[in-house]
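Asker: Take a look at this one; I'll ask things after.
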Amino acid sequence: MTTAVYPGSFDPMTNGHLDIMLRSMRIFDRVIVAVLNNIDKRCMFTVEERLAMIKKVVGNYDNIEVKSFEGLLVDFLKVEGADVIVKGLRGVADFDYEIQMAHTNKKLSQDIDTVLLMTEPCNSYISSSNIKQIVHFEGDISGLVPDELLEEIYAKERKNRGI
Ligand code: PNS
């Protein structure tokens, strides 16, 4: 049985992330979405909120779990009995970063491999950072994030601004 871990900040989850989750579920027996509990990074959503949002979208599938992690990703994989890291690749800019991370993780743990899945072209321009910026300026993010999350993302922005 192959267990893959799909790590990220997911601040917030996008349709690009969803695409990678759904395709990972078809390739691997078990997929764990691992939400980084980034203590030193300012996030729009708390780790609990990010976990709940992802569970709302993919929580009904049998072979996917959603968990948070701190520290080294390879240590999380060992605890979970996983041996594959899945990452999404939108284009060459991602590749530079991902190959560096893949080699670093391989150096840290020889038994762990990274599989890069190319995002669908329709999702290749989507990023959590862009979504936060659009929401901040009251733009339309429909089609960029799962429909179930739209209201929650706008509500959080209003709350952050005290509206
Ligand atoms: O969605 P992101 O922010 O690009 O995800 C980055 C993530 C979570 C995959 C990466 O920051 C990570 O793996 N962090 C855990 C620390 C670690 O193991 N780093 C690799 C060795 S330097």
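In case you wondered, yes, glycine gets a Cβ from its N, Cα and C as well.
Quick paste from TrEMBL:
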type    : residues                                                                                               : note
BINDING : SER9, PHE10, HIS17, GLY88, LEU89, ARG90, GLU98, ASN123, SER124, TYR125, ILE126, SER127, SER128, SER129 : ATP binding site
BINDING : SER9, LYS41, LEU73, LYS87                                                                              : substrate binding site
DOMAIN  : 5-133                                                                                                  : domain 'Cytidyltransferase-like'
SITE    : HIS17                                                                                                  : site 'Transition state stabilizer'
Asker: In whole Å, note down how far the CA of LYS87 (substrate binding site) lies from the CA of SER9 (ATP binding site).
Answerer: 12
Asker: In terms of DSSP three-state secondary structure, what is the assignment for GLU98 (ATP binding site)?
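Answerer: Its secondary structure by DSSP: helix.
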Asker: For the substrate site made of SER9, LYS41, LEU73, LYS87, how many Å separate the two farthest Cα atoms?
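Answerer: About 20 Å separates the two most distant Cα atoms.
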Asker: Out of these binding-site residues, SER9, SER124, SER128, which one has the fewest other C-beta atoms within 10 Å of its own C-beta?
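Answerer: With the binding-site residues SER9, SER124, SER128, fewest surrounding Cβ atoms within 10 Å: SER124.
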Asker: List the binding-site residues LYS41, LEU73, GLU98 whose Cβ sits under 6 Å from any atom of ligand 1, in sequence order.
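Answerer: The qualifying binding-site residues are LEU73.
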Asker: Since the record lists HIS17, LYS41 as binding-site residues, which of them has the fewest other Cβ atoms within 10 Å of its Cβ?
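Answerer: Minimum Cβ neighbour count within 10 Å, taken over the binding-site residues HIS17, LYS41, occurs at LYS41.
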Asker: Across all chains shown, how many C-beta atoms besides its own are within 10 angstroms of the C-beta of LEU89 (ATP binding site)?
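Answerer: A count of 17.
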Asker: Quick one: what's DSSP say for LYS87 (substrate binding site), helix, strand or coil?
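Answerer: In the DSSP reduction, LYS87 (substrate binding site) maps to strand.
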Asker: Specify the secondary structure state of SER128 (ATP binding site) as given by DSSP, simplified to three classes.
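Answerer: DSSP call for SER128 (ATP binding site): helix.
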Asker: Compare the C-alpha of ILE126 (ATP binding site) with the C-alpha of each of the binding-site residues LYS41, LEU73, LYS87, and give the closest one.
Answerer: LYS87
Asker: Using all protein chains in view, find how many other C-beta atoms are within 10 Å of the C-beta of LYS87 (substrate binding site).
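Answerer: There are 19 of them.
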Asker: Name the residues of the same chain, 6+ apart in sequence, whose Cβ is under 8 Å from the Cβ of GLU98 (ATP binding site)?
Answerer: LYS87, LEU89, THR114, LEU116
